[in-house]
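Asks: Residues or ranges marked as transmembrane segment by TrEMBL: 24-49, 89-105, 142-166, 195-214, 235-258, 270-290. What TrEMBL lists as domain 'G-protein coupled receptors family 1 profile' is 39-288.
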Amino acid sequence: MEIRNQTRYFLLLGFTEEPDMQPLLFGLFLSMYLTTFTGNLLIILAIISDSHLHMPMYFFLSNLSFADICFTSTTIPKMLMNIQTQSKVITYAGCLSQVFFFFVFGCLDNLILTVMAYDRFVAICHPLYYTVIMNPQVCRMLALGSWCISVTGSLLDTLTLLRLSFCMNMNIPHFFCDLPEVLKLACSDTLINNIVVYFVVVVLAVFPLSGILFSYSQIFSSILRISSSKGKHKAFSTCGSHLSVVSLFYGTSLGVYLSSAATSSSRTSLVASVMYTMITPMLNPFIYSLRNRDMKRALGRLLSRVASLSDGVVAGFS
């Protein structure tokens, strides 16, 4: 049967229906979400509060951390609420909202990582012109452009969903409204939707990845021409954190794509998607704080100020 323009809700089946597993899943994903939120928020606050980090690389890093917070907040709180209330329902409007914001912040991650690769390319390959090329106005325009392109691409994917009608089966075998799974429930023709999805993926995923690969090919070529080993190590250290994050983000995303292509099991895709929707945003702050001495010092100063402020508040109430 087909329901045309009457869809009111979907059912997110999640990971398992076993009651004994629900508290474990709730505790696991709540701890992951809080770690992701706190870690990325600390990165943003450290960059804002430390004048030594008011540079293009850290400006883009703060945007990446904000995107990661929003990316996880699009899906995990709803999943936690469903587990806690033992309800699988998500409204039609809520599902469309999830699709929209998931694509916005997922695409934004792609574009910010690309801009950060370009920043490292200019810093290493054209150091004498770095301050001229990556001036504050250019940095703001690159960040704003990334936001605008992400929103536009997400609107294309989301608005084309409005033309679809859905069948009686409203079950989505996922913990959020994953667009491919939603399209499988449609009774009407999804050719236009699939064309739009592939177009957006090429423009907002393949092109950015190509830009990152090109930037790093030029970076490695420039580093290999450095005569001193100390100079090579310093150059590698400036882009090591970013390269780690890029490898993690695209590695897990590619893993999800390959696992989906290799098997028709939605369960396999669900488990694999946990990597790039939860694990990667959670690990990013650790990668940047552990591999970057400036960031490590800034976080130390921030935590010291917070501890001092807390001691003062406690003393005031004593």
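Keep in mind that glycine also has a Cβ here, set from the backbone N, Cα and C atoms.
Those TrEMBL annotations? Automatic predictions, nothing curated.
On a predicted model such as this, the values are computed, not experimentally measured, just so you know.
So that I understand the layout, could you describe where these features sit and how close they are to other parts?
Replies: Sequence-remote contacts of a segment are chain residues at least 6 beyond its ends whose Cβ falls under 8 Å from one of its Cβ atoms, and for the transmembrane segment (89-105) they are 7-12, 67-68, 70-71, 74-75, 78, 82, 150-151, 153-155, 157-158, 161-162, 172, 176-177, 179, 182, 200.
Same-chain residues lying 6+ beyond the ends of the transmembrane segment (195-214) with a Cβ under 8 Å from its Cβ atoms: 103, 107, 110-111, 113-114, 117-118, 149-150, 153, 156-157, 160, 179-180, 183, 246, 250, 253.
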Asks: Residue list, the transmembrane segment (24-49) vs rest of chain: Cβ under 8 Å, 6 or more residues beyond ends.
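Replies: Sequence-distant neighbours of the transmembrane segment (24-49): 14-16, 58-59, 61-62, 65-66, 68-69, 72-73, 76-77, 79-80, 83-84, 278-279, 281-282, 284-286, 288-289, 295, 298-299, 301-303, 305.
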